[in-house]
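These notes concern the structure reproduced below.
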């Protein structure tokens, strides 16, 4: 219910409160909080001294006081004091915002006026429209002296401009047409605080650049002379050196003698399925029978087996015996030697001590130039070589693998073998151990056994390993032919 006086009439304070609300200039502010309105009844506030009107609504509205226009004053934003150490911080956010927009306005106006220096009257024109009407520029010559701008706040500002570098503006008045002479000059003139003396294109700066370049020219000439002199000295040194003639590697003919038609026909008949159970060759010294099924390992894409490898190594030893001057003195261990020497229980010299007796071989191992040891590693064949002539231990893998344990075991074996058979002490552990890298390598997964046999064949001839993967099909046919005839060529 509204507040009512004792005599059932409204007090004058209620009307004063309404009048204050309508005239409060901060009413439209977002931070303004209006107090709660007083509620009262118009029916109880009628004056008894005045006659009642026929239209009660009009009579009630006429009793309200006329709204008074608020005083024209600058609008201030609300401020909030930030208490710090008991003191309120001065609020200058409104002032900063006002200064920010003023600066933006001044910068835009200055840029626009600077661009007008390069505007002339002409046939080709750009209509500036209503924006030109707000400016009044008076100029009697090619330079702009002053500009008077009237803004919405009734403030007048006068800006002095620098004289232009060309007759860009002759007479600019309200409503006239303009033509832009050079847009590049207009863009360059947007910087009002340029210093012409510091411009790199000025004559003084150009002279300084020329002087510094002349100083460098003398140094560059001296360096150029030294370069030419050193090039001549280098050419004289190259001419004085003896020319090195590259030695042409001669590929021997014997390891690559092609098979005749009869020899190829003989090999293909042995590979036929009719001879799988037939014994095609028997090596008496090693007591190994070569059947058609065993010989099938020399067909393309097949893995070599122990019988073929061991028979071929026996044939290489017999070839050396026939022509000892043509081939190196070598010993060829079979594929079971290393498995006996190094088993699952470890190194065991006693397991192979009887393999190399003087009575069985007719010579001592320390008298051989090379000793070949085939190594079978489950699904891959590799080769270890004991080179007595050069006191080296070599390991050859067609897949470029390494295994130091194999060479260490063979070094220990050579020491035990020399002490057991000859009574000599040999420290093979001090020999060079080399894992040969520059050697022919296989390009598939089934020619490792063939590569191993050819390593042995070429080393026993005293030749380098001058073959490749392309020769493997030929070597398979040739090895089959030599096994069938029990003679290695």
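FYI, residue positions are counted from 1 along the chain as it appears here.
Backbone N, Cα and C atoms are what each Cβ position is placed from, and that goes for glycine too.
From a predicted model like this one, the values you see are computed outputs, not experimental measurements.
Copied over from Swiss-Prot:
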- 43-66: region 'Disordered' (REGION)
- 51-60: compositional bias 'Polar residues' (COMPBIAS)
- 200-223: coiled coil (COILED)
- 380: active site (ACT_SITE)
- 397: active site (ACT_SITE)
- 448: active site (ACT_SITE)
When DSSP is mapped onto helix/strand/coil, what comes out for residue 380 (active site)?
coil
Distance check, please: Cα of residue 380 (active site) against Cα of residue 397 (active site), rounded to an integer number of angstrom.
9
For residue 397 (active site), just give me the three-state DSSP call.
coil
Pairwise CA distance, residue 448 (active site) versus residue 397 (active site), rounded so that it is a whole Å:
8
Neighbour count, 10 Å Cβ-Cβ cut-off, for residue 448 (active site): what number do you get?
22
Excluding near sequence neighbours, so keeping only residues 6 or more apart in the same chain, what lies with its CB under 8 A of residue 397 (active site)?
382, 383, 435
When a 10 Å sphere is centred on the Cβ of residue 380 (active site), how many other Cβ atoms does it contain?
17
Across the coiled coil (200-223) the predicted model averages a pLDDT of 75
